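A quick write-up on the structure given underneath.
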Amino acid sequence: MAERAARHCCLGWDFSTQQVKVVAVDAELSVFYEDSVHFDRDLVEFGTQGGVHVHKDGLTVTSPVLMWVQALDIILEKMKASGFDFSQVLALSGAGQQHGSVYWKTGASQVLTSLSPDLPLREQLQACFSISNCPVWMDSSTAAQCRQLEAAVGGAQALSLLTGSRAYERFTGNQIAKIYQQNPEAYSHTERISLVSSFAASLFLGSYSPVDYSDGSGMNLLQIQDKVWSQACLGACAPRLEEKLGRPVPSCSIVGAISSYFVQRYGFPPECKVVAFTGDNPASLAGMRLEEGDIAVSLGTSDTLFLWLQEPTPALEGHIFCNPVDPQHYMALLCFKNGSLMREKIRDESASGSWSKFSKALQSTGMGNSGNLGFYFDVMEITPEIIGRHRFTAENHEVSAFPQDVEIRALIEGQFMAKKIHAEALGYRVMPKTKILATGGASHNRDILQVLADVFGAPVYVIDTANSACVGSAYRAFHGPSLLCLVSIY
């Protein structure tokens, strides 16, 4: 009996831009199974590149909804063929690429509730969507709708205070507004609009899953303080939108038991719980086990900051989301476009292309760089919108060049100081227990991490986040049915 109990597990799913991935995590929170389906490689018939279709205008970016459905079919069949024991799954949860939206056609809910276990999902859901190619987070075609939304609520700052972000082209409310304006017939035939996360949860539930607070915060529609849809924002985007979205729920809600389709076809236990799916960034916060006061810094092509906040102050830069782990708290996301490519450029220019020389320059210059400060934006930055290289001496005079060692420290200190300043603008404060979790390419350079620790005044730890959204979803599946989160709409 003990041996059987030891195999109890939760599943974490990730419906990301390029693949669907699953992990199984046991009661000790150890990953013992993982698998994935890569869209470009395993579903070539959909003709995606990087999991998406970029349209002729260069701005519209979509993904075929049936590709996501078929990927789930394939991965479950792979698990079955490998002998995976579905009967041991206590609960499951998942993540979806943020902001993307799915449009269920009138009558789709009846199909979802009466699926035949003899047929794959794709075959049965083929006619269930009013929009076959779904807008995703890479889409930037809704500038007009963004301006309309901001104007409707009194400007960008007013929208940010209300929903956690100013209007962004990828945010779901603006995408819905575009579909309503350009394809009103498809909109009128839509009975439910899901995020990618709640769409995936709906497949497992066999009925429409609600949008969770955390992923719902990336829509420009949810009032993040009151956790309700903003009537002003809904009205600015499309008619009858509230009924198409349904009521949002806390991210740790148990939204139901698994559909009988999965019980009969794969052998899931009928009591297997489905915990609300959320966005990939909120799920990553759970996967990295961030706590209040902590920061996660991803140092990649672009640099991303994840912050746990108690009292947020939304600003024009960055995003505030409801926290996926603690419904009373918040998380912030800050993206900086000039990340590793900028560091590599300065390495090439000032350290002969050598990371070893780059590190020696950081070691040979003092903290504070004798008052010399630099900001380096070779591509248009998004936090804030600025371009160019800007160097200042201790006397606050702008200069055109620094000595090589000074240049290297100015770059790294400037990058991390900007992160701290923008984090504090969103309400973040370093606490005595604060820890910084670093990931990405530059996290392998101890001297860069030392500057990060010096700027924030907190210890830095390097973590592996290869599966953080997936693993975070499995952790959340354990978290949902536990006493840690007494929220259930089941």
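Any Cβ shown, glycine's included, is placed from N, Cα and C.
Quick caveat, the model's predicted, so the values are computed rather than measured.
As recorded in Swiss-Prot:
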type    : residues                       : note
BINDING : HIS99, ARG170, ASP280, ASN281  : substrate binding site
BINDING : TRP355, GLY441, ALA442, ASN445 : ATP binding site
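A map of Swiss-Prot features onto the structure.
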{"residue": "HIS99", "record": "substrate binding site", "Cβ within 10 Å": "25"}
{"residue": "ARG170", "record": "substrate binding site", "Cβ within 10 Å": "21"}
{"residue": "ASP280", "record": "substrate binding site", "Cβ within 10 Å": "25"}
{"residue": "ASN281", "record": "substrate binding site", "Cβ within 10 Å": "24"}
{"residue": "TRP355", "record": "ATP binding site", "Cβ within 10 Å": "16"}
{"residue": "GLY441", "record": "ATP binding site", "Cβ within 10 Å": "15"}
{"residue": "ALA442", "record": "ATP binding site", "Cβ within 10 Å": "22"}
{"residue": "ASN445", "record": "ATP binding site", "Cβ within 10 Å": "18"}
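Secondary structure at ASP280 (substrate binding site), as computed by DSSP, is helix.
When secondary structure is read from DSSP and collapsed to three states, GLY441 (ATP binding site) falls in the helix class.
A straight line from the CA of ASN445 (ATP binding site) to the CA of ASP280 (substrate binding site) spans 26 Å. In the three-state DSSP assignment, the secondary structure recorded for TRP355 (ATP binding site) is helix. Rounded to a whole number, the C-alpha distance linking ASN281 (substrate binding site) with GLY441 (ATP binding site) is 19 angstrom.
Compute the center of the Cβ atoms of HIS99, ARG170, ASP280, ASN281, which mark the site for substrate; besides them, the chain residues with Cβ within 8 Å of that center are GLN97, GLN98, GLY100, TRP137, GLY218, GLY279. Here the Cα atom of HIS99 (substrate binding site) is found 26 Å from that of GLY441 (ATP binding site).
Neighbours of the ATP site: apart from TRP355, GLY441, ALA442, ASN445, residues of the same chain with C-beta atoms within 8 angstroms of the site's C-beta centroid are LEU299, SER340, ARG343, SER443, HIS444, ILE448. ALA442 (ATP binding site) sits 22 Å from ASP280 (substrate binding site), taking the CA atoms of both as reference points.
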